[in-house]
Each structure stands twice: as C-alpha cells, then as structure tokens.
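First the structure, in the form of structure tokens, and then the observations on it.
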Amino acid sequence: MTENIHKHRILILDFGSQYTQLVARRVRELGVYCELWAWDVTEAQIRDFNPSGIILSGGPESTTEENSPRALQYVFEAGVPVFGVCYGMQTMAMQLGGHVEGSNEREFGYAQVEVLTDSALVRGIEDSLTADGKPLLDVWMSHGDKVTAIPSDFVTVASTESCPFAIMANEEKRFYGVQFHPEVTHTRQGMRMLERFVRDICQCEALWTPAKIIDDAVARIREQVGDDKVILGLSGGVDSSVTAMLLHRAIGKNLTCVFVDNGLLRLNEAEQVMDMFGDHFGLNIVHVPAEERFLSALAGENDPEAKRKIIGRVFVEVFDEEALKLEDVKWLAQGTIYPDVIESAASATGKAHVIKSHHNVGGLPKEMKMGLVEPLKELFKDEVRKIGLELGLPYDMLYRHPFPGPGLGVRVLGEVKKEYCDLLRRADAIFIEELRKADLYDKVSQAFTVFLPVRSVGVMGDGRKYDWVVSLRAVETIDFMTAHWAHLPYDFLGRVSNRIINEVNGISRVVYDISGKPPATIEWE
C-alpha cells in the first residue's frame, strides 16, 4: 500500500491574480500537495476537500466595489489556518470587520516592511534590521486598495511608510494577511513565510516528492486500468514522454505508444524518439511515417490558423486509424497537466481562468469506447520534469526549449513545403548547437529559427545566388506572457550566420529578430 501523499493539503482560492499558479507551485516546492480552485466554491466542496489550510490569492478587482469577489464565510469558520495575500488580505479584513479603501497611489514594486510585533508567520525571519534592532523585510507590492482598519481581534504585525497594515494576524484563529506577494522571488524571504504557514502553522508534512508521486501514480494507474491495454500518442515532448514512462512502469507491454512522424519535427527527432523509447527503454512503439500526408494536406495553405487546424485534423485521422488496428485497447492516455485542468475549469461567475476545451489527441472514433488515463493531471510542468528525471529521462530532453504542437508548420511562414522544412531543420540545428557550445542555451528561455518565404540576393565565390532567408529568434522570459529579445553577443550571431549560409545550401541571408512581447508574439505564427 502506497503512502497517502494527499493526506496533508492546502486549498488555494483564486481571485484572479497573475501570480496565483506561482503560489501553488511554491507550496508544491515545499513538499505539500495543494489545489487551485476558483474563489466561488461551496461549503460542501471545501468540506469534501478537507484542507489543512487555505490561501486566498491576490486579484485585480477592488474590494470596495459592491460585486467584487468575496471568500465564502465558511472559509473563516472551518477551523483551519487562513493566509490572505494582497487582495486575499483585503477581503479577509473587510469580511471580518475591518475596512478597505481605494488609494490615490498604486503601490507597485519593491518596498521595505518593518516588523512591529512578534508573529508565528515571520518569527526569526528578516532581511536586515532598523537602527533600533527591528526586523526589516524586502518585499514586492502590487496593489491599489489598502486596508485602513484591521478587524478588532487582529494585530498589526508589520507596516511600511505608505501601508500601515502590511501584515496583520489573529494568532489564536491562525489567520494571517500580507499586503505583498510572498510567492515572487522579489520578496526575498517569501518562501520562508510560505513554509512557516504551510509546514509549521498548518502542520503539513513534506509528502509531495518526486519518488512518492511516481509510486502514487503507478499504483493509481494499475488500480484504474488493471490488465487492460492502453494507447498513448507519443510526440517526444515532455508531457507525453513522462506519461509514457509512468505507464510503462505501471503496466509494461500493455501500453502501446503511437508516434506520428508528421515531417514537421526537428532534425533527427523521429530517430531520437524511436531510439530512446523503443531501443533504450523498451517501450512498445508504433512508428507511423506520415510526412507526405501532412504536407499534401497543407499544400497551398498560407493562413497560420488554418495550418494549425489542418495539422490537428490530420493527426487525429492518423492516430485514429492506428488505434483501430489495435485489438482490445480500452484506455486512451493523455499528457494533460494541471495548468490544462485549471484553464478548463468553468466558474458560474465567470471569474475563473479563461475556459477552453482541452484535448491532447482530439476526438476518437465513435465506435471506440475508451476510458481516459491522465497520470499527470495533478502536476505542474516543473514537477513533470522532476519526475521525468526520477524516471531516467535525460536532462537535455526534459529541459529543452518549448516546441509548438504544429511543429515547423508554424515556423515555416506561409505555405509549408518539404524543401522549406528541410532547410529550416538544418539551420535551426546549427543555431541550437552553437547556443549549447557557447553555454548560452540555458541562459535564454527559448530559441529557434524561422523560415521566411522570401528570396534574397547573395554572393558565393565568384557567383551570385538568389536564395531563401531565415530569422533567428531568442527570448528571455519568466512566464512566456511577456518576453524580451535576448541580447546575444555579436560575434556569436556572426558565427551562427556564417555557418548557416555556408553549410545550408539554399539559404543566402540570416537576420535576427529584436522584437519583444508585446507587441510581437514569441512565435511568428
């Protein structure tokens, strides 16, 4: 019997902050399971979840507005510790008898908080000291409204010059509120505060570790599918690869992986996937060469969205055909991860994340009545990678840069042709190889090459050439919501350009994309 790694858990109620998923990831990093729900939960749902503690997230709304989100009153009656962050502190203060007002000045950025009163939340935690020996904390503020009066049974723990109630606490009820964001790295002691709340105040054990997650997932897969056969679409990406390894550990040869080679992959990627998962790890893989079929379907199409839909449709068709060839397959496995689940969650109030339908594979034929196996659906991407390492997958594969689902189909601008894909594959491989050699690959968040459907005059030896143009793209970002173009060294860019033009016959010019996001997107299409 495996250990119950969900025994101690934190419930995070989401009021819409851009940092809310980061709060959840920080709690998981502390070895404690947590779930992220929309703020408008019911008492029955909270009782059923049985949390060891509750965190109220930040949010963009104003608590001074009549219809702004509020925590369910039961949150404060459940008898568990509650931690309000930014908006979460404001709604806690207002709902428990305090007062919140709009501020003429929005406080955004670095601030120093002076600790005035002892509290379990910050005891022994400091960045520096005042002249008279009081602890100071370096924190990150992001708020417009502020608490102007705390509930009568709370005490002021810390303040700033412009924020008199930066931390408030009711130690008896174990209610805490902070006006800053402990989850961001700019709040230097933020992880220690979260650890203090989760591990000490809520008394959660660190049960959520990669090894225990694997044991739990394997046990649950075996319980769910028994001796039945399972099919998985393996792309070679992180999510499907880790899903494949978990299933292989759980059910061995009862797993069949279908690898659809669509002709839109990186250089030698198909061979690498087959070598790694088939030859090295011994998985049962069906390799489906489908380049011609995909390129035929894409012929003549220039619109990026139409290309995405064509690639998705043809993939589903090919996968379905292969699935129908297999006998007695009763389960479809997908690499759905926790952010997909969060995005798919609908809220009656419309305050939750944008709702979208999530399908890794798409629809299966109606005649195939299959159950769904999603062993990663509780995990964030960083957790999936850690589990992949624990399962023996190579670091370079798990931590390589993001690659779009439609592959080179959206990195070849305009119509997709085999000639263009072949040129792009080789140029991109040179760029990535040089980034690794220069120890720059892990210093940028994403790097790739784009094929431009324009010809440019060049000179090669004594002759002129009229060949294609590619653009190099490299960005630095924390969350991929915004990004800066990477300031790569000129000599490095020159070396990459020379290699591509000299080694890839058919390319005469290399340019570098210096657009940020916004206004540009990271991918060109």
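Using N, Cα and C of the backbone, Cβ positions are placed for all residues, glycine too.
These come from Swiss-Prot:
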type: DOMAIN; residues: 9-207; note: domain 'Glutamine amidotransferase type-1'
type: ACT_SITE; residues: C86; note: active site, nucleophile
type: ACT_SITE; residues: H181; note: active site
type: ACT_SITE; residues: E183; note: active site
type: DOMAIN; residues: 208-400; note: domain 'GMPS ATP-PPase'
type: BINDING; residues: S235, G236, G237, V238, D239, S240, S241; note: ATP binding site
Determine, to the nearest whole angstrom, how far the Cα atom of V238 (ATP binding site) is from the Cα atom of E183 (active site).
-> 25
Counting across all protein chains, other CB atoms within 10 angstroms of the CB of H181 (active site) number 24
Those recorded positions of E183, G236, G237, D239 having Cα within 10 angstroms of C86 (active site, nucleophile) | none
Including all protein chains displayed, how many Cβ atoms other than that of S241 (ATP binding site) lie within 10 Å of its Cβ?
-> 24
Whole-number Å value for how far H181 (active site) lies from G237 (ATP binding site) (Cα to Cα) | 33
Surrounding the recorded ATP site, with Cβ no more than 8 Å from the Cβ centroid of S235, G236, G237, V238, D239, S240, S241 and those residues left out, we find L234, V242, T243, A244, G335
Distant-in-sequence Cβ neighbours of G236 (ATP binding site), under 8 Å, six or more positions away | F259, L265, E269, Q272, V273, M397
Residue pair H181 (active site), S235 (ATP binding site) - Cα distance, angstrom, rounded = 37
